Each structure stands twice: as C-alpha cells, then as structure tokens.
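Shown next, in structure tokens, is the structure this report addresses.
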Amino acid sequence: MAYERFTSAITLLLHWRNRLDPYWKLARGDRPVGFLLLLWPTWWALWLAADGVPPWWTLCVFTTGIWLTRSAGCVINDYTDRWLDPHVERTCTRPLVTGTVSPRNALLMFGTLMLIAFGLVLTMNRLTVLLSVAGLFLAMTYPYLKRYTHLPQVYLGIAFGWGIPMAFAAIQGKVPTLAWLLYVANILWTTAYDTWYAMVDRDDDIKMGAKSTAILFADLDLVVQGVLYTLMLLTLCLVGLRATLSHTYWISLISAVALIGYQFIIARRREPTACFRAFMHNNWVGMTIFAGIALATTH
C-alpha cells in the first residue's frame, strides 16, 4: 500500500509538471538571463538611491516584481508575435506556436502576473504606484513596435529601465537627475545588447517584414553598437561623478569595457550563434557594474 501511494504521488507530480512546463517556458523560466538583464539596472538604482543596501522589503518587492513583470512581458510578447514566431527558426517551438498553451490562457497568465506585481507595488509610496502604471503601458505596447518601427530595441530599453525611476521614487520619494542619467545609460545599453539578439533573427525578420535595429543598421551594425556602448559608458561616468562614487566603481567600468570588447571579438563575423553568445554575455557586464556600485556605496 505504501509503495502504491508513493507511485501515485510521483505520477501526480509528473502529471502536473508536464502540464505546467509549457507555462514555465512561456514565461522564460528556463532562461534566467533575461531576468538578470532587468535585475542588474534595478539593483544599480536601488543601491544608489539608498547610498548602500536598500531596505529589505523594498529590495524584495523590486526583485520579485522584476521576475513577475519580465515573465508577463514574455507572455504578452509571444501572444502578439503569433504571426511571426512560426516562421522564425529560433521561436518556432514556443508554446503558443505548438499549441501547448492557448492564446486565452496566455492572456490570463499575463493578467495574473501583472496583478500580483501591482499588488506588491501597492505596498510602496504613491509616486511609485503612479510610475508603475506607466510601466504597465510600456510593457503592453512594446511587442507591437516591431511591426511599425525599426527601433523596438530602443523602446525595449525605455520599458526595461523603468524600474530605475521607480526604485528612486520608492526610496527617496522623488526621481532626481541621477536616476534619469542612469535610466539613459540603461536605454543605450539595452539597445546595444538587444541588437545582438536581433542580429540572430535578422534574415527571418526580413522575410516576414518585421523590423529591428539590426535591419536598420545593416552593415554598420557593429559600428553603431560600438557608439551605443561608448555612450552608455560615458553616461555611467557622469553617474559616477554625480554620485561621487569611489575607485571601486571606476574599476568596474574599466572591467565592463573589457567585457564589452570581448563581445565584439566573438561576434565579429555576425554569425547567429556568436551574436547570441554576445547577447548573453551582457549579464556579466551588468553584474560587474552592480558590484562596483555596491562596493562604492558600502560605508
């Protein structure tokens, strides 16, 4: 009897795992790099706003909120890209394409994730709550941009970085110039690294009529990315000067330069797999800059 109960429990667990696995993949739970690329800039902001380790509840709210909103963003992105994903090699096995998740359930999942995230934000101050409404608008409208403009990567940077002004608002009750400088740096960074991502799908996107910075920049893609990364680093220099950060921050920026240079080495021939590696490598850039900020604000 005990053995039968054990096997029944295992069978039930496997059943639910198989049922929930497509939803986990739809939310990109199996690909944490996207979450980390959102997390690092938000943590930059939290540590700078608090001039050190932020309040534990604020840190928990923003960290959990980042995971929830990133997952929701992936869900709504796949929902709006149903016309495109079946024709792109990298995305043709996504749950909404294969039918393992229905469009209706995807919308329900998006709404649930955003409601939970909003519930967390309601524990913050009024300014943070108001800013979160703008963040919701950005998250919902981003997926449609690739149909109408070659600059969805720029808009992604605007959406991805919205946690920065929210973090300052939550801790300081205002959004100072320092926050907007950091926000601009993140827009430049996101545009640059998401162009690597767009270069992976460039040929398929051209066939389907989708738009991206990779298509817009064409043969000048590496040059423009170099300019974007340079502007990002210069803006981060302004952040360091305005916040009067110590030498550890500047060491982290020098390290970031080396890491970014490595991306151009591995993706210099524009091969899709190499471009994807360059995109993934930006996690180390974000983490390095965070380490510099965290050490520089330690008292």
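Glycine residues also receive a Cβ, built from the backbone N, Cα and C atoms like all the rest.
Residues annotated as transmembrane segment in Swiss-Prot: 33-53, 56-76, 105-125, 151-171, 180-200, 214-234, 247-267, 278-298.
If you count C-beta pairs under 8 angstroms between the transmembrane segment (33-53) and each of 151-171, 180-200, 247-267, the highest count goes to 151-171.
Among the stretches 56-76, 105-125, 151-171, 214-234, 278-298, the one making the largest number of Cβ pairs under 8 Å with the transmembrane segment (247-267) is 278-298. Between the transmembrane segment (278-298) and the stretches 105-125, 151-171, 180-200, 214-234, Cβ pairs under 8 Å are most numerous for 180-200. Per-stretch counts of Cβ pairs under 8 Å to the transmembrane segment (151-171) identify 180-200 as the leading one among 105-125, 180-200, 214-234. Residues 23, 26-27, 57-58, 61, 64-65, 68-69, 71-72, 75-76, 78-79, 96, 132, 136, 139, 169-170, 173 of the same chain, all 6+ positions outside the transmembrane segment (105-125), place their C-beta atoms under 8 angstroms from a C-beta of that stretch.
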